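Here is the structure we will look at.
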Amino acid sequence: QGDKRDICRLPPEQGPCKGRIPRYFYNPASRMCESFIYGGCKGNKNNFKTKAECVRACRPPERPGVCPKTSGPGICLHGCDSDSDCKEGQKCCFDGCGYICLTVAPSGSP
């Protein structure tokens, strides 16, 4: 498991070849799978043929519940990367500036 997550932290790498192959990489800063152009050889393992493949490999599992609505710019802290960094009953939520663990509302009620 640790090795897989490490792959997902690697930067997108085009490689030395001159191909122009659309691929996807996981961007830990945005927590999204994003497109990049792969040259066709070498590079690293944060390189997926489809967005779905990237999401399956790298997106951390989400806990149920809804993050509370933000009111203002929030505190610029980076306290978590995913829900699994938070205690039970909390989610990793964007608070207007950074990501922090917050107690969630039950699903369906923001």
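Glycine is no exception: its Cβ is also placed from the backbone N, Cα and C atoms.
Mapped onto three states, the DSSP output places Cys8 (disulfide bond) in coil. Annotation comment: Swiss-Prot describes Cys8-Cys58 (among others) as disulfide bond, evidence class similarity to another entry.
Taking the Cβ of Cys17 (disulfide bond) as centre and 10 Å as the limit, one finds 13 other Cβ atoms among all the protein chains shown. The disulfide bond annotation in Swiss-Prot covers Cys17-Cys41 (among others) and rests on similarity to another entry.
Taken residue by residue with DSSP, Cys33 (disulfide bond) is part of a strand. Counting every protein chain shown, the number of other Cβ atoms lying within 10 Å of the Cβ of Cys33 (disulfide bond) is 22. Swiss-Prot lists Cys33-Cys54 (among others) with the feature disulfide bond.
Listed in sequence order, Gly79, Cys80, Asp81, Ser82, Asp83, Asp85, Cys86, Tyr99, Ile100, Cys101 are the same-chain residues at least 6 apart in sequence whose CB falls under 8 Å from the CB of Cys92 (disulfide bond). The disulfide bond annotation in Swiss-Prot covers Cys67-Cys92 (among others).
Listed in sequence order, the residues of the same chain lying 6 or more apart from Cys76 (disulfide bond) and placing their CB within less than 8 Å of its CB are Cys97, Gly98. What Swiss-Prot lists as disulfide bond is Cys76-Cys97 (among others).
Per Swiss-Prot, the feature disulfide bond maps to Cys80-Cys93 (among others). For the recorded site, Cys93 (disulfide bond), the DSSP three-state label reads strand.
Summarising the annotation, Swiss-Prot assigns disulfide bond to Cys86-Cys101 (among others) and lists similarity to another entry as the type of evidence. Under the three-state DSSP scheme, Cys86 (disulfide bond) falls in the coil class.
The domain 'BPTI/Kunitz inhibitor' annotation in Swiss-Prot covers 8-58.
Marked as domain 'WAP' by Swiss-Prot on the basis of sequence analysis: 60-105.
What Swiss-Prot records for Gln1 is pyrrolidone carboxylic acid, and it gives experimental evidence as the kind of evidence.
Within 10 Å of Cys58 (disulfide bond), as judged by C-alpha distances, the disulfide-bonded residues found are Cys33; the full candidate list was Cys17, Cys33, Cys67. Of all Cβ atoms in the shown protein chains, 22 besides its own fall within 10 Å of the Cβ of Cys58 (disulfide bond).
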